[in-house]
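Participant: Straight out of TrEMBL:
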- A:33-50: transmembrane segment (TRANSMEM)
- A:62-81: transmembrane segment (TRANSMEM)
- A:88-108: transmembrane segment (TRANSMEM)
- A:120-139: transmembrane segment (TRANSMEM)
- A:151-169: transmembrane segment (TRANSMEM)
- A:189-212: transmembrane segment (TRANSMEM)
- A:244-266: transmembrane segment (TRANSMEM)
- A:297-316: transmembrane segment (TRANSMEM)
Amino acid sequence: MKQGVNVAVKPQKQKDSFLVGLGRYLGNFKEQLVILVALAGLCMVLSVLSPNFLTKSNFLDIARVVSINGIMAAGMTLVILTGGIDLSVGSIFALAGVIAAALIPGSYSESPFVTTFKLPVPAAILVGLLVGVLIGYINGLVITRFRIEPFVVTLGMMSFARGLTYLYSGGYPINFKPMPPGFQWVGQGYVFGLPTPTIIFVFVIALCWWILRYTAFGRTIYAIGGNEEAARLSGMNTRRIKRLTYLFLGALAAFSGIVMASRVAAGSPVAGIGYELDVIAGVVIGGTSLAGGRGSIFGTVLGVFMLGVIENGLNLLGVSTYYQYIIKGMILIMATGIDGYYRKKRCY
Amino acid sequence: MKTDNILEMRGISKSFPGVKALQGINFTVRKGEVHCLAGANGAGKSTLMKILSGAYQADSGEIWIDGQKVHLRNPIDALKAGIGTIYQELSIVPKLTAAENIFLNNYPQKGLIVDWRKISQLSRDIFAGIGIKNIDVDRPVETLTIGHQQLVELVKVLVQKAKIVIMDEPSATLSAEEFNVLKGVINPHSAPLDIITNVFLGH
């Protein structure tokens, strides 16, 4: 232990100089700076290797792809910061996408459950979101009430929700003829020259950043992940906070699934299979510790962009998808290794 | 009748399988007093304090605080009753700043927003009030000395408006200099506190 090391004397009421403050602020992002540099390096290499990399259309493409995962990764950051995990995001993604699509005017499917009953677009989206909220709430309730490992509960939910999706859709995709323009805009439209999903992503990121930095709810998330016993002894309702994080992630996963349904113009029951890997990998690569209590939304943004750029680059270079899985897996393990290394260093 | 006794424990008994740890203990604290429980290992000091802090339940006996009978089923009940405990295993969140730890779950807010400036300022003022000026409240607690970490715990308990403060072996991890600061804080003539200390006793 670092005993007897004296803290620098700091006179009362005197403000830190700007540079000291800035230095301290940047010091909080040491790990993220490493990723930022790696990301910049990767972009430089790719721009040399592929003439198509540095084009506007390619960047918009990356932004669009990253946004779908990024919306979920933002919510996943909150869950992981409490020391939890949610493996059911891919299934919530599919279920919400299928249900919302089935309720939107113009959709049709072979499934007997997909009826002619339709709702206005915003109402259909809302129903999809509520499905995500409900599943997230059940996740959180089972985890906190019965004290079952989040890994196990959400692994079970991953299968359960996927089963519901198949049952409801009969395994058939839900297609549109024609797709209402309002719904089309959600996944395929543009705002200020940026894809709508990207605008939604930016909004979600800003919201999560604000929650984590400035609300008592967000600070409690850090406290629970940092020392749950201390949080509880301070009188915090740690179970309620945890339930809320799963509920919030459920809503975001559902929203992401709805955006995806709009983007590909279909509610697919096989959508989002394996997405939990990409989402969790994005969060972990961004420097958020799986043990909880340490990490940031800023890091998660970098993490999902890192994965997005790697995938995009490998596609541009014509590398087979099979290799992409191998490379993504390796990067995830490496990022976790770096996390462990930093943690050991911090343990004095 | 108004009583001077801020705390009365009456007839407290507690058994663990195979051992009777406490038998009919009476313990009274008046406002402004500092008590020290001394005894050999296994004498039951910690058990009594754990009952008072809500960590254990007494088998029999009553606890009265400020003339009111209380039931302390868990540490949160004890906190609400005005009993603050400084645990030996520190109950702080290492990654958060000293200031934030002090105001954990007690954040001063501007509307929906946590008021960081006020948290820092208040923390600095409180530390200054107990005569500690060289603590950087904006640093993560894990980067402070153990002694300062313990002082953060103490201040946190004060902010929670504890009427009675329990310290379990407070001097065990402190340097001589830090111990002097602590002695100043628990001096009954200078501190507006009612403190029970459970001081480590070598044997």
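Using the three backbone atoms N, Cα and C, a Cβ is placed for every residue, glycine included.
TrEMBL entries are annotated by machine, without manual review.
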Participant: Return the stretch with the most CB pairs under 8 A relative to the transmembrane segment (A:244-266), choosing among A:33-50, A:62-81, A:189-212, A:297-316.
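Facilitator: Comparing A:33-50, A:62-81, A:189-212, A:297-316 against the transmembrane segment (A:244-266), the winner is A:62-81.
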Participant: Thinking of Cβ pairs under 8 Å, which stretch from A:62-81, A:151-169, A:189-212, A:297-316 has the most of them with the transmembrane segment (A:88-108)?
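Facilitator: Looking only at A:62-81, A:151-169, A:189-212, A:297-316, the most contacts with the transmembrane segment (A:88-108) come from A:151-169.
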Participant: Mark yes when the transmembrane segment (A:297-316) and the transmembrane segment (A:33-50) have three or more Cβ pairs under 8 Å (sequence separation 6 or more) and no when they do not.
Facilitator: yes
Participant: Is the transmembrane segment (A:62-81) packed against any residues at least 6 beyond its ends, judged by a Cβ distance under 8 Å, and which are they?
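Facilitator: Cβ under 8 Å, 6 or more out: 89, 93, 150, 194-195, 197-198, 200-201, 204-205, 207-208, 211-212, 218, 221-222, 225, 245-246, 248-253, 255-256, 259-260, 263, 275, 278-280, 282-284, 286, 288-290, 292-297, 300-301, 303-305, 307-309, 311-312.
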